[in-house]
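Listed features, source Swiss-Prot:
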ACT_SITE  ASP287  active site, proton donor
BINDING   ASN172, GLU238  Mn(2+) binding site
BINDING   ILE175, TYR176, ARG177, ARG189, TRP190, LEU191, ARG194, GLY195  prenylated FMN binding site
Amino acid sequence: MKYHDLRDFLTLLEQQGELKRITLPVDPHLEITEIADRTLRAGGPALLFENPKGYSMPVLCNLFGTPKRVAMGMGQDDVSALRDVGKLLAFLKEPEPPKGFRDLFDKLPQFKQVLNMPTKRLRGAPCQQKIASGDDVDLTRLPIMTCWPDDAAPLITWGLTVTRGPHKERQNLGIYRQQLIDKNKLIMRWLSHRGGALDFQEWLAAHPGERFPISVALGADPATILGAVTPVPDTLSEYAFAGLLRGTKTEVVKCLSNDLEVPASAEIILEGYIEPGEMAPEGPYGDHTGYYNEVDNFPVFTVTHITQREDAIYHSTYTGRPPDEPAVLGVALNEVFVPILQKQFPEIVDFYLPPEGCSYRLAVVTMKKQYAGHAKRVMMGVWSFLRQFMYTKFVIVCDDDVNARDWNDVIWAITTRMDPARDTVLVDNTPIDYLDFASPVSGLGSKMGLDATNKWPGETQREWGRPIVKDPEVTARIDAIWDELAIFK
């Protein structure tokens with residue numbers, strides 16, 4: 001599914017009945033959230049609010065409100081095809097040299113895709129068609145949404161933050177929420193382990209007291225947005241990955257006030273800096289847990305330039321108790337994670353992040369168990385292999401005769417194959433999401449692993465139960481007369 005920018009993608013969605021234009025005036029303060037939430041829960045289309053009250057700029061919401069639209073954004077026709085994206089990422093994470101001519105021929109499609117990695121640098125770009133700087137910078141002209149009644153202030157949610165550490169060629173792209181506190185100031189809420197925050201810390205060490213340049217893209221093309229939330233290998237830039245998804249090189253342009261490169265076709269670009277030591281209290285905000293988070297201090301982003309396209313579109317979302325867009329993204333990206341995990345742990349059969357588990361806080365793994373203690377190895381692997389699962393609190397490991405995506409199966413395995421004392425692993429003092437107020441200390445808490453596999457010798461001293469298996473001859477005889485019985489007619 002080919003598209004060039006966000007506007008191309010919206011045209012594709014509209015052609016397939018996946019976009020609804022709302023002409024009725026609707027307020028970005030709470031009302032858009034209410035409409036978007038009802039629409040998402042019903043599996044409805046992306047929404048383009050053409051007349052937000054008090055603003056001349058339309059608001060796009062629910063862009064990734066169904067797994068199908070996430071797949072479309074990644075250049076695929078359906079969610080199942082995202083396994084192929086995961087296989088490509090697994091290959092790029094640990095590429096294996098061809099073992100011969102036939103193997104080289106088999107790998108040619110992957111190598112061909114890699115050729116689309118480099119970015120294409122432009123001298124001028126649509127995102128710089130209109131420029132505001134100095135006193136003309138006014139973020140209050142943007143239709144920034146207030147999502148929940150007790151939110152502290154309007155909040156930018158889909159901002160693609162672009163940073164670069166002082167000793168790095170590669171830029172980092174991250175999505176961090178940003179609270180509006182003045183006409184030219186936002187609070188950059190990034191956690192200490194995230195790429196943007198790490199770049200900032202390295203900058204402070206290398207250039208003490210100097211301003212840290214930063215840019216934020218709003219309304220980038222879906223491939224670039226999704227590249228920022230996908231487990232891209234450290235050796236691959238998010239722009240390069242977006243090019244792989246799109247099938248064409250990502251076009252970028254140098255910012256006006258710094259050397260950062262931003263998506264050329266983005267709707268809006270915010271350029272500016274973080275002054276070392278300038279912090280502000282952020283929050284509270286309703287979040288993906290279904291609760292308001294605690295107030296905490298984060299750096300202040302001062303905006304010196306706003307550049308944008310003619311007739312720009314403001315892309316936004318809301319987060320709340322699942323289902324919301326992050327939960328839908330989790331369902332779709334789940335399919336990307338499976339091949340990556342399987343490359344490292346071939347014994348894994350399936351991996352599932354239930355959306356009701358707030359996208360990542362609980363994982364179910366099914367595996368082909370091969371030795372005593374094997375389930376615990378996989379459990380530890382899930383927590384440590386990908387950064388995306390650093391905050392996963394619960395990991396349930398089952399045998400391959402269990403359907404990881406069926407709670408009836410999973411609960412049966414837990415209640416019949418587990419001894420709570422023997423098969424529960426508790427790990428204390430581990431990284432935990434700062435939004436998780438259930439942890440005893442902000443950012444630090446425990447994890448639980450549940451080994452719901454059949455136990456091998458060495459794991460138990462008792463004879464293990466024999467599973468009930470139907471007599472196949474009886475099953476065949478009843479199959480032959482089933483329709484004649486007419487039980488459900």
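Every residue, even glycine, has its Cβ placed from backbone N, Cα and C.
Listed recorded positions: GLU238, ASP287; maximum Cβ neighbour count within 10 Å falls on GLU238. The C-beta environment of LEU191 (prenylated FMN binding site), restricted to residues of the same chain at least 6 apart in sequence and closer than 8 Å, consists of ALA197, TYR434, GLY443. Distance noted between the C-alpha atoms of ARG189 (prenylated FMN binding site) and ASP287 (active site, proton donor) is 13 Å. Every protein chain considered, the tally of other Cβ atoms within 10 Å of the Cβ of ARG194 (prenylated FMN binding site) stands at 18. Cβ atoms within 8 Å of the centroid of the Cβ atoms of ILE175, TYR176, ARG177, ARG189, TRP190, LEU191, ARG194, GLY195 (the prenylated FMN site) belong to the same-chain residues THR161, GLY174, MET188, GLY196, ALA197, site residues excluded. Spanning the listed prenylated FMN site, residues ILE175, TYR176, ARG177, ARG189, TRP190, LEU191, ARG194, GLY195 have a farthest Cα to Cα distance of 14 Å. ILE175 (prenylated FMN binding site) sits 12 Å from GLU238 (Mn(2+) binding site), taking the CA atoms of both as reference points.
TRP190 (prenylated FMN binding site) sits 13 Å from ASN172 (Mn(2+) binding site), taking the CA atoms of both as reference points. DSSP assigns GLY195 (prenylated FMN binding site) to a helix in the three-state reduction. In the three-state DSSP assignment, the secondary structure recorded for TRP190 (prenylated FMN binding site) is coil. Under 8 Å, Cβ to Cβ, and six or more positions away along its own chain, ARG177 (prenylated FMN binding site) finds LEU155, ILE156, THR157, GLY159, ARG189, TYR285. In three-state terms derived from DSSP, ILE175 (prenylated FMN binding site) belongs to an extended strand segment.
In the three-state DSSP scheme, ASP287 (active site, proton donor) falls into the coil class. In the three-state DSSP scheme, GLU238 (Mn(2+) binding site) falls into the helix class.
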